[in-house]
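All remarks here apply to the structure that follows.
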Ligand code: R7I
Ligand code: MG
């Protein structure tokens, strides 16, 4: 839904409202919305987890590559195609190799691992939780492994971890009412631990911190006035890097918990997606990540059916989600083994 606006800096309020009004109007035949790389890779992450009932790096990258070669024109990041060509050329021998060589060995810091992480987060939550869900180690480890097949830069895979932890927290929340500041604080706590030992003077990524961005999210949430779109674009970011988009998606989810002056709609799910797109920039991906978090929080019943009818393969995706739930059910034996006995 966000892709028609991708890359735009200024999206007129009326223009965007008309877009949503058309989508919501059952009498108007709006053109079908083809899914972009976000959904392409999310789908394949889920299918790989379903078929293997666990994470299998080689199988997952093969599925990503096959989907890419089947239709490379889905708005993929400009560097990720090279990974798929290199993997295919080497017969997928080392699923982590090509990604680790990108950007002179630094790896990609794009938001591509974060944008597809929802099934991995849901799988880990359900399968590895050991019934209590207090320990985030399984989710962090699984997400790190599933991210590094394409994004070995710490900013790339940490962005995916942050998005996964937001999904996990959203699943644990009260459906009707929760404290958005506590939500941000909890994420700040996890990311602070992750950033311990980072060198603020590192010439490449010194000072690039998810904690700093989440503090900004808190500042916006605490403010009585809605921040200007330019403020969000310039400070929080609406770009293809994980650092400039994952905290923004989290902010969209949290900001949409209350009425928004700029998006006067009652349905929280609609408000969240609409607001994410209104910020411009990487609209498909930020809306997709914000949608994954609010979906984890509220369930699929809150998604307006009129949204779904316009989205390519929405029926298939619903079936994949059900299959993922089944495949991630912990068996008794696996529960105990995750405790180390
Ligand atoms: O991360 P990735 O899969 O891109 C996803 C985003 C989504 O918004 C899509 O909808 C699409 O628009 O792109 O793909 P990558 O190619 O790994 O990363 C995206 C872009 O981030 C790259 O093409 C680069 O422009 C930039 N980038 C970097 N630039 C310099 N140095 C990522 N890592 C680096 C880097 O280390
Ligand atoms: Mg995008």
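Cβ atoms here come from the backbone N, Cα and C positions, even for glycine.
Positions annotated as Mg(2+) binding site by TrEMBL: 36, 37, 38, 282, 284, 285. Sequence-distant contacts of residue 285 (Mg(2+) binding site), defined by Cβ-Cβ distance under 8 angstroms and a gap of at least six in the same chain, are 2, 36, 38, 111, 115, 240, 245, 249.
What surrounds the Mg(2+) site, by Cβ distance within 8 Å of the Cβ centroid and not counting 36, 37, 38, 282, 284, 285, is the set 2, 3, 6, 75, 115, 283, 288 from the same chain.
DSSP assigns residue 284 (Mg(2+) binding site) to a helix in the three-state reduction. Taking a Cβ cut-off of under 6 Å from any atom of ligand 2, the binding-site residues 37, 282, 284, 285 reduce to 282, 284, 285.
Around residue 284 (Mg(2+) binding site), the same-chain residues six or more apart in sequence whose CB sits under 8 Å from its CB are 1, 2, 3, 6, 36, 38, 75, listed in sequence order.
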